Amino acid sequence: MKLVIVESPAKAKTINKYLGDEFKVIASFGHIRDLPSKKGSVLPDENFAMKYDISDKAGKYVDAIVKDAKKADAVYLATDPDREGEAISWHVAEVIKEKNKVKSDDFFKRVAFNEITKKAIIHAVENPRKLDANLVNAQQARRALDYLVGFTLSPLLWRKLPGCKSAGRVQSVALRLICEREDEIERFKSEEYWDISLKMQNSNNELFTAKLTHVNDQKLEKFSIINEKDAKDLTEKLKSQNFHVDKIEKKQQKRQPQPPFITSSLQQEAARKLGFSAKKTMQIAQKLYEGVDIGKETIGLITYMRTDGVTLSNDAIADIRKLIDKNYGDKYLPNSPRIYKSKVKNAQEAHEAIRPTNITYTPDSLKEKLEKDYYKLYELIWKRTIACQMENVIMDLVVASLASENKEYLAKANGSTIAFDGFYKVYRESVDDEAEEENKMLPPLKEQEPLKTKEIIPNQHFTEPPPRYSEASLVKKLEELGIGRPSTYASILSVLQDRKYVSLEKKRFMPEELGRLVTVFLVGFFKKYVEYDFTAGLENELDEIAAGKLEWKAALNNFWSGFNHNIESVNEQKITEIISYVQKALDYHLFSENKESKACPSCKTGELSLKLGKFGAFLACSNYPECTFRKSIVSGNDNNENDGDLAATPNENKVLGTDKDGIEIYLKKGPYGPYVQLGEQEGKVKPKRSPVPASLNQNDITLEMALKLLSLPLKIGIHKDSGEEIMIGYGKFGPYIKYMGKFISIPKKYDFLNLSLDDAMKLIEDNKAKLEKKQA
């Protein structure tokens, strides 16, 4: 009997049907050994000896493996084709050797395959190799590094920053990215700027829009027009100008398809297009790889999903090109196959890209056989794979340059059309944080053609802070920085959320107070080890180990000598010194720039400062014990030592920017919720305030939104039939339209701050009967 060992029962079930009766396929159910979560599992003083344990959960599976191995003529180790898979195979072999007294390595045969198909399985079994010690060593080095950081840094964190749970080698760097982005957002001050649009009409009475680009030979930069007065003055001057088409430029642009998916690009695209978390994407991809039931049989539908490689096998390319020719026609098929180059350093790990194992299994043919989410992910992979071998998209681009009579004013109008849809026929990649491009066409225009100016529109804008990271953009950033590897991204994001260091709001990462405390501490006292370059450098070292170019224990020793010294140094630091540093670093976040926000709200004479208790960080009054005011800065901490009214309200006086007169606009939080305020209170004169509607997230309030809230009730236009004003406002029952003395509620589906005149008139018309009834 020949024993085949894989990780999962699903994989075992699929493989079993491809092998004859002489083979028995069983599952290890993942790792059978690991480093126990206790001190002494890695011993730096003993040349980094690693003490592995078989977990209670794995015990029964190990017994079955050992029992079957005793009866076997050979053991085929058929775990996944990466470092983790190689390590699982090595651990299985080591346990069998130890339990069954096996001395010869020839008893073990490593079989690796990139897809679970009959052809791939038979080929792998007929061409076994030995275990790759370099891949095993790279995995052991990663595991040792993670253990050494976690089990030396975390206890230090508990002592120096009570309430903080843990720190990790890679997760802490990802957390730093999220926290630093939030710092940027908090410190950001929005600036006003304007541009001028011209609605033009050609000689055939066709309309198009141009944008003013030059005034008196001076190019208009982003901040050339910074206030309403300048914009209106320029608008008035333009009213007397006659424009013509000065020049027309036409060109074609080619767009090439993206490479087939690797792990990180699949996670990003599934997040953008399908709304899947990285964890969900990998769970579904794992099932599609291991095998799913599609009726009469269980088959692996995609190739291995943890890969950095963008190459496709020659057979796969031939099948893809054949399908393109058959289904879409030869005009969509390039003359030669597209070849994509992989950036993977180690050829042993350079797997194929993620693709369907059989391209003829179209999404339509599987729609009724797959679960909904499985179908969605498979369709995404199938379409990307087809598109990567299709012809370019060809765009016709037109730029029309417009000029006034004396060329004092210049404007430009851009248009584009798709001349040939190429790979767009099948697939278009999403773009994170960008508005969808419009396929904007221009009417036919001729050089020197006179134009009529139908409307001149001054457009007000405000600069916006950088967006918070989504799962897609964070994975992309980690990949760009070289931090982590495809197989680790999903777990990194999950750990940060599980430990309450970050939360997801509207699919964007926000740091929790606990996460900010940890980041400030690590940046202050372990800066080298949360530097992006250093962490990326360690990943490169692991790649070097996997390629056999670096000795793994030498790499561990190089890391540990410096890290251990850093641990010992921080252990000597007094907690008061650490608190002082942390408060200074978090000062802006906790108190903004307003010194008054440090004043104790209870006694009015004391000043708030950061303190650490057994349940975490809090703000306390300097007049203690006379004043016992305390305020938790850790949201959701039910075990804190705080008084009853101490809800987490850090950064209560955030400055959003200034209005046109230079008066600061604040976002504040009061007893009835968040509100925006124009300027500070002077004496008994209260500044203008406006509540933030419950439908809006206070963390998303921009200067532009605040100015609109403060301007309510606001006139949005004149009704075209009655000539009466239409106003919008916000009252105790929510947003409303005021028209002819009557009030109409604005439904939640509308963004009431940006309600158009057309939408307002439609709502008035829809409520006409109700209004007439009230009037009667």
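Just so you know, the numbers here start at 1 and follow the chain as drawn.
Cβ coordinates are placed from backbone N, Cα and C, and glycine is handled just like the others.
Lifted from Swiss-Prot, the feature list:
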- 1-111: domain 'Toprim' (DOMAIN)
- HIS31: site 'Interaction with DNA' (SITE)
- ARG142: site 'Interaction with DNA' (SITE)
- ARG143: site 'Interaction with DNA' (SITE)
- ASP146: site 'Interaction with DNA' (SITE)
- TRP158: site 'Interaction with DNA' (SITE)
- TYR304: active site, O-(5'-phospho-DNA)-tyrosine intermediate (ACT_SITE)
- ARG306: site 'Interaction with DNA' (SITE)
- ARG499: site 'Interaction with DNA' (SITE)
- 600-627: zinc finger (ZN_FING)
Counting all other Cβ atoms within 10 Å across every protein chain shown, which of the recorded positions TRP158, TYR304 scores highest?
TYR304
If one measures from the C-alpha of ARG499 (site 'Interaction with DNA') to the C-alpha of TYR304 (active site, O-(5'-phospho-DNA)-tyrosine intermediate), what distance in angstrom results, rounded to a whole number?
30
Would you kindly give the Cα-Cα distance separating TYR304 (active site, O-(5'-phospho-DNA)-tyrosine intermediate) and ASP146 (site 'Interaction with DNA'), rounded to the nearest Å?
25
What's the CA-CA gap between ARG306 (site 'Interaction with DNA') and ARG142 (site 'Interaction with DNA') in angstrom, rounded?
17
Under 8 Å between C-beta atoms and at least six apart in sequence, can you list the same-chain neighbours of ARG143 (site 'Interaction with DNA'), or say none if there are none?
ASP34, LEU35, MET50, ALA87
Measuring Cα to Cα, how many Å separate TRP158 (site 'Interaction with DNA') from HIS31 (site 'Interaction with DNA')?
29
Which residues of the same chain, at least 6 positions away in sequence, have a Cβ lying under 8 Å from the Cβ of ARG142 (site 'Interaction with DNA')?
ARG83, LEU542
Can you give me the Cα-Cα distance between HIS31 (site 'Interaction with DNA') and TYR304 (active site, O-(5'-phospho-DNA)-tyrosine intermediate) in Å, rounded to a whole number?
18
